[in-house]
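Structure first, commentary second.
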């Protein structure tokens, strides 16, 4: 299975050659190219997967790795909650993050929390409860000792991917062996525009509308001839597939259950995303007005990114340390890339970033036979 992901790209490759000092692990495996201003990474996975389901390959299939290769050993995320009156409305961003870190370390008991070199957390709006280095604030709420460091990074939409890149670069250069990385955004507690003060001189260098994601999406739609009807059909498909995957249990391995509050205020454990709308129809989408461009716009609330609360987490380490601990990796990072584009076409950023990541991995888009991406706008 080969897939291109908003977080990663899985690519079919031939059996890797065994290099000097290589580590004896799985061969003949698919690979994964994580990708988002967009940072992108190329990751090789000893897994077979569809959408969000992951099936490990038999342990008798082995892959060769070098000691400083960067491997992903586990990952998880919270259920995604609606920002207005959603499941996480009474949970702070640091607590969501700490819950993930703690649960991930608990189910990977071969990893000593004291070995964590750095906790690297992506977060866009670093103020209020998400301020003061939320990575450190969350880390202090977990079993990770105070001797481990923590940093918060921002690349807007690609913040948590940049957290992964930062950890990978440290491992590759022998500046640590074990890292906990992830990201959080509680848009119900910290609104998107809280404390934002754009420089008025910026309009001399970029179009004024470049700061509005919805209008940049409208621009891309016009450039590429994407109609309202096509967007509505794609939005419907997105909800249908997400609902189907939920019913089939394909998210159960990645969602770490959390306590939250339902619409009636009752405390319960959530193990599913609150933001999927299975009752969506083409008729209901067609009835929505354009959200950003009232005259001739094609992007609506039904085909825009949701305003949600949630967090995600990974444990990454050097291949050598994973072997020493007897941990079978899920993936190995093969390449990374970042790229910028004109702010007026912000949503196009993944294209040049992905092209760079693929080139560094020695691949082309022709090697990719399955694409999974963030279906925003």
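Each position is counted from 1, following the chain as shown.
Positions of Cβ are set from backbone N, Cα and C atoms, glycine also.
Automatic prediction, not curation, is the source of TrEMBL annotations.
Per TrEMBL, the features are as follows:
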DOMAIN    70-319  domain 'Thiolase N-terminal'
DOMAIN    328-377  domain 'Thiolase C-terminal'
Confidence summary for the domain 'Thiolase N-terminal' (70-319), mean pLDDT rounded:
96
Report the DSSP secondary-structure composition of the domain 'Thiolase C-terminal' (328-377) as helix, strand and coil residue counts.
20 helix, 8 strand, 22 coil
